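Scroll down for the structure; my scribbles are underneath it.
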Amino acid sequence: MNRTSLTKLESTMLLLIVFSAFLTLLRVQITQNLSYTFLLWNLFLAVIPYMISEYTRRLDIVNITKFKLGSLLLFWLFFLPNAPYIITDFIHFKTESSMVWYDLLLLFVNAVTGLLLGLLSMHTFYKIVCSKWNISIGNYFSVGVFFLCGFGIYLGRFLRFNTWDIIFSPLDLIKKSILSFQETTAWLITLGFGFLLWMLFEVVKKINRVI
């Protein structure tokens, strides 16, 4: 993808982010109800991995130190599950709402935005890994990351952990993560979301080749 195409893509993503936030704020204005404002925070968290990937993409990857690249990768990985996590916010949908279809649109737009932010940031790091090593390692890297994302979604939605717990509650996070391997739901969510993200990413890669 050339620089012009990248600039257009960045502009489109910015527009989509603004549109997602606008829909949330418009609902607040219409209903005078703050029930969906959590989407603004979740959207902000979804933007972080995208911003990290965009920053990394602009660096001199050939001469970047392993420590700096590794630090950026780790920081990005900590935040990445927040992007597809927005899909699970459909759990907050209420059929008795007076704005049922608007709420569906609101949740759908935010979910798609988060998903795209995650997939695009993954594509950036996938290309970086491929350029630093090779395509095979890049493929293994992307698959592994997506299943880690699936597990991250489980930790966030079911065990109610968040990114900050990596710093503030690391022992509790590790303990409950290990125990969760005994839970069927943990495997279903991890494998289900991991496979979904992997397949969608393959679509993104093929579209990128066509463009």
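Yeah, the Cβs are placed from backbone N, Cα and C, and that goes for glycine too.
Among the features that TrEMBL reports, transmembrane segment is placed at 12-30 (among others).
According to TrEMBL, the transmembrane segment annotation covers 36-55 (among others).
Among residues of the same chain six or more beyond the transmembrane segment (67-87), those with a C-beta under 8 A of the stretch's C-beta atoms are 39, 42-43, 45-46, 48-50, 52-53, 55-56, 59, 61, 110-111, 113-115, 117-118, 121-122, 125, 128, 132, 145, 148-149, 152-153, 155-157, 163, 166, 193, 197. According to TrEMBL, the feature transmembrane segment maps to 67-87 (among others).
Under the heading transmembrane segment, TrEMBL lists 99-120 (among others).
Among the features that TrEMBL reports, transmembrane segment is placed at 140-159 (among others).
Under the heading transmembrane segment, TrEMBL lists 179-201 (among others). Residues 84, 87, 115, 118-119, 122-123, 126, 142-143, 146-151, 153-155, 157-159 of the same chain sit 6 or more residues outside the transmembrane segment (179-201) yet have a Cβ under 8 Å from a Cβ within it.
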Hey, which bits of the same chain come close to the transmembrane segment (140-159), Cβ under 8 Å, at least six residues off its ends?
77, 80-82, 84-85, 87-88, 91, 118, 122, 125-126, 129, 173, 176-177, 180, 185-186, 189-195, 197-198, 201
